[in-house]
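What follows is one structure encoded as structure tokens, with my remarks underneath.
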Amino acid sequence: MPASIPSPPSDWQIIQVGQWIHSWFPAWPAAWGQIHVYALCILAGIIAAILMANHRLNQRGAERWVILDIAIWTVALGIVVARFYHVFTHPGDYFGAGKNTWNITQPGSIWAVWEGGNAYYGALLGGALGAYIGSRFTGLRFTAIVDAIAPGMLAAQALGRLGNWFNHELFGLPTPDGAWWGLKIESSNAAWPIGLPDDTLFQPTFLYEIIWNIIGIIVIYALRKKLDLQWGKVLAVYLIWQGIGRSFFESIRVDPSEYYFGIRANVWAAIAAIVIGIVILIVQTRRHPGAEPSPYLPGREWTPQSAVDSGETYSDSDDDETVVDEESDEAATSGAKVAS
């Protein structure tokens, strides 16, 4: 076997917390408390995206942690739409004879998000809808929200791809003979192409995407600093960057997918992302050549609580007015004494 990238052992996919608790408290069922590493990777990605977006919004003068009010919507809708997008672009995995479509207690159901299978473009659509709803509640501009979130989404996607590695999924075509970067996958894997030798190595698409996304974060931060990208232009760069990368990564994956005109559905989605990103960049540059006046919509600006609490502000003139008032009182008193 040539040098290769190993896949983690299958028993690393789940952390058996329930068994550990059961060893201390026998009344606790050992099956209760399974934590999937894939889910931990997704959670780490969500946290990273929230922290990065919060930092950017704070830089622009938004209320601290207002991103949490938005994340409630973006995360929930992102996960739901991502799952259903994946299910309906991979119907053969979930529907048909012998498939467990609906039973959540058995492997392979459409509800089992912890088993993997959360489509990126579904998460993007659901997250965008969540960001719009969040903007209505918080008063933040939709463009300010998506521009703040975009780099964090690259970080979230990079961390999420580690989960795919643990799950032994989303690998690419066989690597050339002797390629040291090939990914080792067990031949019993459901996505293993029929007829290939057991020692075949595959393109580590998870690693390609991790590297691509990290570079994308650097590119976006550099362009944002140099060009002061606002009004949704950061999102536009993000869509173009992701579309370019994923149009390649999706084209070399071996897992089954729906095809339209001989091209995978997700490749079409990647092309659409590039086009949408270019359109946003052109339109917003023409409509808004300058900077956003505020991350908030007009009339919805946030005022720090300290400024609200201090109804009266202090200035040096306050002391001057006090002195004048005291002198006037003394003069009036003196005049009254003389008159008496």
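Placed from the backbone N, Cα and C atoms, the Cβ positions cover glycine too.
All annotation found in TrEMBL is predicted automatically rather than curated by experts.
Annotation comment: TrEMBL describes 35-53, 65-85, 119-135, 142-160, 206-224, 231-249, 261-283 as transmembrane segment. Taken from TrEMBL, the feature region 'Disordered' covers 292-340. Residues annotated as compositional bias 'Acidic residues' in TrEMBL: 315-330.
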Key: Intrachain neighbours beyond the transmembrane segment (119-135), with Cβ under 8 angstroms and 6 or more residues off its ends   = 69-86, 89, 141-142, 145-146, 149, 153, 157, 242, 246, 266, 269, 273, 297
Query = Can you find at least 3 Cβ pairs under 8 Å between the transmembrane segment (231-249) and the transmembrane segment (65-85), where each pair is 6 or more residues apart in sequence?
reply = no
Ask   = Who are the long-range neighbours of the transmembrane segment (261-283) in its own chain, taking Cβ under 8 Å and residues 6 or more past its ends?
value = 89, 119-121, 124, 232-233, 235-240, 242-244, 246-247, 250-251, 253
